[in-house]
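J.: My structure is below; once you've seen it, I'll send some questions.
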Amino acid sequence: MQTRVSSPFISRALSSSSNLNELRRIHALVISLGLDSSDFFSGKLIDKYSHFREPASSLSVFRRVSPAKNVYLWNSIIRAFSKNGLFPEALEFYGKLRESKVSPDKYTFPSVIKACAGLFDAEMGDLVYEQILDMGFESDLFVGNALVDMYSRMGLLTRARQVFDEMPVRDLVSWNSLISGYSSHGYYEEALEIYHELKNSWIVPDSFTVSSVLPAFGNLLVVKQGQGLHGFALKSGVNSVVVVNNGLVAMYLKFRRPTDARRVFDEMDVRDSVSYNTMICGYLKLEMVEESVRMFLENLDQFKPDLLTVSSVLRACGHLRDLSLAKYIYNYMLKAGFVLESTVRNILIDVYAKCGDMITARDVFNSMECKDTVSWNSIISGYIQSGDLMEAMKLFKMMMIMEEQADHITYLMLISVSTRLADLKFGKGLHSNGIKSGICIDLSVSNALIDMYAKCGEVGDSLKIFSSMGTGDTVTWNTVISACVRFGDFATGLQVTTQMRKSEVVPDMATFLVTLPMCASLAAKRLGKEIHCCLLRFGYESELQIGNALIEMYSKCGCLENSSRVFERMSRRDVVTWTGMIYAYGMYGEGEKALETFADMEKSGIVPDSVVFIAIIYACSHSGLVDEGLACFEKMKTHYKIDPMIEHYACVVDLLSRSQKISKAEEFIQAMPIKPDASIWASVLRACRTSGDMETAERVSRRIIELNPDDPGYSILASNAYAALRKWDKVSLIRKSLKDKHITKNPGYSWIEVGKNVHVFSSGDDSAPQSEAIYKSLEILYSLMAKEGYIPDPREVSQNLEEEEEKRRLICGHSERLAIAFGLLNTEPGTPLQVMKNLRVCGDCHEVTKLISKIVGREILVRDANRFHLFKDGTCSCKDRW
């Protein structure tokens with residue numbers, strides 16, 4: 001009778017027990033009353049001991065009633081183990097349950113499934129799921145929730161979604177488990193999709209829902225939706241939960257809205273370490289280094305930072321170049337008891353290096369018993385930053401001797417060293433090691449090698465690497481095209497550009513900034529226009545650098561109007577923009593427009609630099625505006641206080657020389673405060689040849705050879721002057737000197753774009769397409785020109801030939817004439833022609849082209865090394881000032 005009376009009291013006492021000692025006293029009472037064999041009280045004791053983290057006591061209770069014939073007891077002990085993280089034991093007792101004569105019920109499986117999830121044992125989880133299906137418990141809400149949670153935790157989201165979809169009834173736990181699974185495994189779009197489905201149901205999200213879905217909003221950068229979720233959190237009151245506020249802070253930092261993140265942080269009633277860590281690390285990711293460090297230092301008494309936060313702040317000291325602060329953080333870590341693993345020491349090396357203390361950085365490195373790849377990379381990077389490239393190379397060699405594992409970062413750093421030092425031997429050694437270790441498979445390493453070989457003058461090796469690669473990425477193509485442009489191999493550069501356009505690689509702004517100058521150099525107008533259309537499609541036209549490149553491209557492709565149109569449409573202009581437009585007008589002999597543009601530039605508030613004055617004096621020179629050009633030179637010195645460089649003096653000499661003021665040019669040279677170089681005298685020499693002042697030409701030629709005997713361009717210019725004077729001994733001496741020094745002159749060639757093809761011609765070329773027809777066409781033109789009084793100028797023949805016919809043959813075979821004849825043969829009558837030449841047009845070709853334009857009734861635009869010439873009706877736009 002006493003037992004029956006005492007049972008309800010003991011049951012209530014067990015349920016309300018608040019600590020372990022109280023529970024033990026009640027347990028003793030249960031034993032004294034003989035109730036310890038009761039399944040009911042044993043089950044409650046097992047549950048209560050597990051609640052107080054005493055699974056051993058739970059097991060002891062279970063053993064007193066073994067063999068258990070009631071599933072309630074089995075469920076209690078399995079739940080006790082699972083609840084306390086003893087997942088193997090939980091599954092062990094589930095196995096024993098299966099071996100007994102007792103059948104599991106629907107309450108058994110949530111704890112068993114939790115154990116499978118805790119062990120990440122998908123195979124066991126699938127087996128349990130099959131048993132659930134066999135027993136018909138799959139429709140139970142709690143079993144379904146446990147299965148969704150298990151598969152979600154394991155990242156088996158397809159299975160989780162399948163279980164979720166098949167559940168006849170779902171509660172908030174079901175939705176939360178699935179949302180959390182998708183979000184925690186980076187499937188943010190799916191997480192948002194499930195969240196929106198939840199909002200459309202009758203179930204109201206809670207704090208767990210919000211905290212689970214916040215990372216999805218942040219990572220997908222859906223700002224408006226994220227702000228809407230913040231509003232829901234405020235309205236529903238879940239923002240009072242610290243984990244929700246932490247998620248909101250993280251979300252706004254992902255949105256790059258640190259002000260909003262800080263507002264949420266400041267309004268939090270309760271903050272934990274995660275709150276501070278999130279804010280500090282978020283500032284660092286946004287490169288708000290000072291704010292991050294300030295928050296860390298000001299709140300050290302409010303929270304305990306984790307290792308990630310302290311390490312991040314320590315790294316920030318390197319960015320701030322604050323060595324004393326770094327030492328303070330380091331001492332804090334020691335006092336706080338942080339274990340200084342290699343990661344922290346690697347950061348220390350990096351910080352000391354950035355602060356310029358390589359001695360301490362090396363001491364930290366040398367003191368490390370276990371150095372990993374990051375350690376080596378950190379110290380090597382430090383020496384590279386400090387400019388001690390040789391020590392960086394020594395460390396790499398030491399690394400190889402010690403058989404330490406180098407990674408792609410190591411190779412990228414050392415390849416940059418070999419590039420900076422132009423050390424091809426070391427670079428080839430890196431390449432060889434990279435092939436052996438398999439590092440060269442890394443795309444960034446291959447790109448760096450392409451760049452290294454190109455900058456060391458081995459473009460062929462760059463192209464070999466490129467051809468052995470797969471598709472590569474945008475950087476790959478940009479690097480190869482840039483290499484071709486740098487070394488003047490425009491034909492290959494064009495081929496690579498065409499290949500890139502046919503590939504699936506998406507160009508970036510750097511692509512356009514390297515291909516547009518190439519089109520400008522080649523005067524590849526059609527390709528330039530296609531690239532312009534392409535950059536419009538990708539939205540780059542409004543970029544300032546792109547606008548500047550387009551102005552240059554169109555101006556050098558013979559499309560001055562297009563250059564002007566691009567210039568007018570630009571919403572922003574810098575000094576480069578104005579310089580490009582002024583130079584463009586100069587190339588076409590539009591000196592007045594160049595001066596107007598210069599005046600507009602001054603009115604706009606842009607202060608001209610030294611390069612602008614080179615462009616404006618150049619424009620005046622090619623337009624015969626001597627007084628205006630001299631005025632600009634004086635303005636540069638007196639008004640803008642720019643000290644003239646040799647280039648400015650060369651422009652003024654050219655200005656005077658082109659206007660046949662040769663004596664004034666020489667006077668100007670004599671008055672120069674700096675010693676004139678060959679470029680100064682070259683302008684005078686060209687003017688002498690044009691005017692026929694061969695006495696001055698001979699004197700100037702001697703000066704040029706004395707000043708720069710190794711430059712093929714200046715040497716050939718002097719040689720041609722001596723040839724015009726018929727001083728063949730001087731010509732022979734110059735050519736022998738160049739030959740002995742293995743110096744070769746740039747061969748002259750011209751090209752013309754007809755249809756979609758570019759046709760290139762060299763002087764005397766008889767292997768070109770339609771060669772026979774070209775020469776026949778020229779013969780007809782020469783006979784017509786003779787009637788106009790044309791006589792070939794023998795001064796343009798630089799070889800010692802006695803036969804006049806031989807001289808005539810050489811002159812008549814100049815490359816620009818072949819290109820013009822080809823254009824006449826392959827275009828409709830009256831169609832304007834555009835021919836490009838890599839060298840300066842000779843006087844005889846200039847005269848011939850004027851006559852051809854008159855005879856055939858066509859405009860012929862020729863770009864040579866100096867400027868554009870528009871030939872029309874027997875005249876040239878340069879007015880014979882070229």
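Just so you know, glycine gets a Cβ as well, placed from its N, Cα and C.
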J.: In Swiss-Prot, which of 260-290, 291-321, 756-786 is tagged region 'Type E(+) motif'?
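T.: The listed stretch tagged region 'Type E(+) motif' in Swiss-Prot is 756-786.
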J.: So which residues does the repeat 'PPR 11' (341-371) touch in its own chain, when a touch means Cβ under 8 Å and the partner is 6 or more beyond its ends?
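T.: Distant contacts of the repeat 'PPR 11' (341-371): 307, 311, 314-315, 317-319, 321-323, 326, 330, 333, 378-379, 381-383, 385-386, 388, 404.
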J.: Which residue counts does DSSP give the region 'Type DYW motif' (787-882) for helix, strand and coil?
T.: 39 helix, 16 strand, 41 coil
J.: Residue list, the repeat 'PPR 3' (70-104) vs rest of chain: Cβ under 8 Å, 6 or more residues beyond ends.
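T.: Residues packing against the repeat 'PPR 3' (70-104) from afar: 39-40, 42-43, 46-47, 49-51, 53, 55, 58-59, 62, 111-112, 114-116, 118-119, 121, 124, 131, 135.
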J.: How about long-range neighbours of the repeat 'PPR 10' (309-340): same chain, 6 or more residues beyond its ends, C-beta under 8 Å?
T.: 276-277, 280-281, 284, 289-290, 292-293, 296, 300, 347-348, 350-357
